[in-house]
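Asks: Got these off Swiss-Prot a minute ago, pasting:
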BINDING   171, 172, 173, 174, 175, 176, 177, 178  ATP binding site
SITE      373  site 'Required for activity'
C-alpha cells in the first residue's frame, strides 16, 4: 500500500513538472547565413518563412525576406551588414513588417520602421499596422467631391485637387516641387483652425526619401515655426540610410496615413520623391539577381508604385467617409516626362502638376506649365465660387502662350492680339506667389476674379502685386467671407464697384 501511494505521488509530480515544462517551451525556426554583402544576406534553413516577413540576425539587426528560392532565402538588411558574418544564426520573427500608427505619431519624426529619430523619447499610446495591405475595393470607394486646398492660386484655380485624389508633382531638380508640397501642409494650418469637427481636419504625412539630412532638418524647422508640426508626421529615409529603408519608407508613411482614412478622418500624404524609391528598389533587385528590364529596373517596378498609390482613396459613407490624398513627387532629367518612371506614375495618378526650369528662371513661381498640368477628377471637388471666378482663365492663358510665340518675331500685331498678350501677361503675374505664403480660398477667389474680369488690364506689371495686397487688406471682411458661398449678382455688383475703385490708383 505504501509503495503504491508513493508511486502515485511520483506520477503526479512528474505530470506537473512536464506540464510546466511545456508551458515555457518555445520553438524558433532558425537558419544560417550562407553569404552576405551589399546589404543582402543569403540564408539557408528558413523553410517556412513568409514573403515580407521580418527576421532578426544574431547581431540584433533586422531584415525582410524578399526572395524565396529552393536553396536559400534572399534577405535585405535594414541597417549595416558589417556585423553579420557567414554562419551566423538568423531567427524568424513570425510577423510581417508593421509600423506604429495613431494620433500619438503627430508632431514626431520617425524612420522607415516607425522608430522616433527626433530625440523626444518613445511613442505614447499607439496601434501597429502592416506596411503592405490591399487597397480599398471598388464598392468601398466614393468619387472625389471635397476640395483639398493647397493655398496656391495657380493650383486651386487651374488644377484643383480633391480629398482622396492622387496628384503627381513632376519636374526637374530645383524647380520648386517640394515647395508646393510644403505650402500645401502650411495651408492646412488655417483650414484646421477653422474646422468645427474631426471630419473637416486634414492631417499630413510627409515622407522624405533619399534626401539630405540637412534638408529634412530644415523642413522640421519650417513646420515647427509655423505650428504645422502639430498635425503632421514626418517619415525620413535619408540619403545615408540603406536602400531597403528608402524602399520601405513610402509604405510605412502610407500605413500611418491609412489610420486616419480608416477611422473616418482625412489625411494628406506626400512622397518626396518616388524616383529615389525606384532607384533604391532597382539596387535591391539587381543585388537579389532579379532579371533587369528597361533602364535596368525590374519588371515589377510599375506594381511597386501602383500598389502604393492605389491606397489613396475617398471611402464611401458606409465605410466611414474618410480619405487619403496622395501627392507623389517625381524628378525628371532635362524635362523628359517620357522616361520610364515618370510615364508609369503619370498613368497611375489622377493628374499632374508639371513644373519647368525655364519658367522658374523667368521668375514665374510656382513654375507651373498650365498647358501640361491637368487634374482629372479635381474639378468635381472645386468650389462653385472658384469655378465662377476662373471663368475663361485657362483658355486665355492657352491663347496667350500660342500668340506669345509668334509675337517674338516682332511683326505688327492687331488690337485684338495686343489685348490678348496684355491680358495674358497680367494673368501670369497674378498667378505668381511667394514661397511659404499660402492664401485662403476666399482671397484667391477675390484676386483671380479681379484679373479675369479685366481690372488689372491697364496697370503696369510691377504694380499688380501692390494692387493685390491693397484689395486683400481693405476689402470688407463680411464681403470676403461671403465669396466662398458663390458669386451672386448682388455680390458681383458690390465686388466690381470695390475693385474698380481700387484699380483707379494703379492704372496708367
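Cβ atoms here come from the backbone N, Cα and C positions, even for glycine.
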Asks: What does DSSP assign residue 172 (ATP binding site), in three states?
Replies: coil
Asks: Specify all same-chain residues, apart from the site residues 171, 172, 173, 174, 175, 176, 177, 178, whose Cβ lies within 8 angstroms of the center of the Cβ atoms of the ATP site, ordered by sequence.
Replies: 331, 355, 357, 360, 367
Asks: Rounded to a whole number, how many Å is the Cα of residue 177 (ATP binding site) away from the Cα of residue 373 (site 'Required for activity')?
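Replies: Computed Cα spacing between residue 177 (ATP binding site) and residue 373 (site 'Required for activity') is 13 Å.
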Asks: Applying a 10 Å Cβ distance cut-off over all chains shown, what neighbour count does residue 176 (ATP binding site) have?
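Replies: Other Cβ atoms within 10 Å of residue 176 (ATP binding site): 19.
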Asks: Would you count the other CB atoms within 10 A of the CB of residue 175 (ATP binding site), including those on all shown protein chains?
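Replies: Excluding its own Cβ, residue 175 (ATP binding site) sees 26 Cβ atoms within 10 Å.
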Asks: Please report the distance from the Cα of residue 174 (ATP binding site) to the Cα of residue 373 (site 'Required for activity'), rounded to the nearest angstrom.
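Replies: Computed Cα spacing between residue 174 (ATP binding site) and residue 373 (site 'Required for activity') is 18 Å.
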Asks: Among the binding-site residues listed here (173, 177), identify the one with the smallest other-Cβ count within 10 Å.
Replies: 173
Asks: List the Cα distance (Å, whole number) between residue 175 (ATP binding site) and residue 373 (site 'Required for activity').
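Replies: Approximately 15 Å lies between the Cα of residue 175 (ATP binding site) and that of residue 373 (site 'Required for activity').
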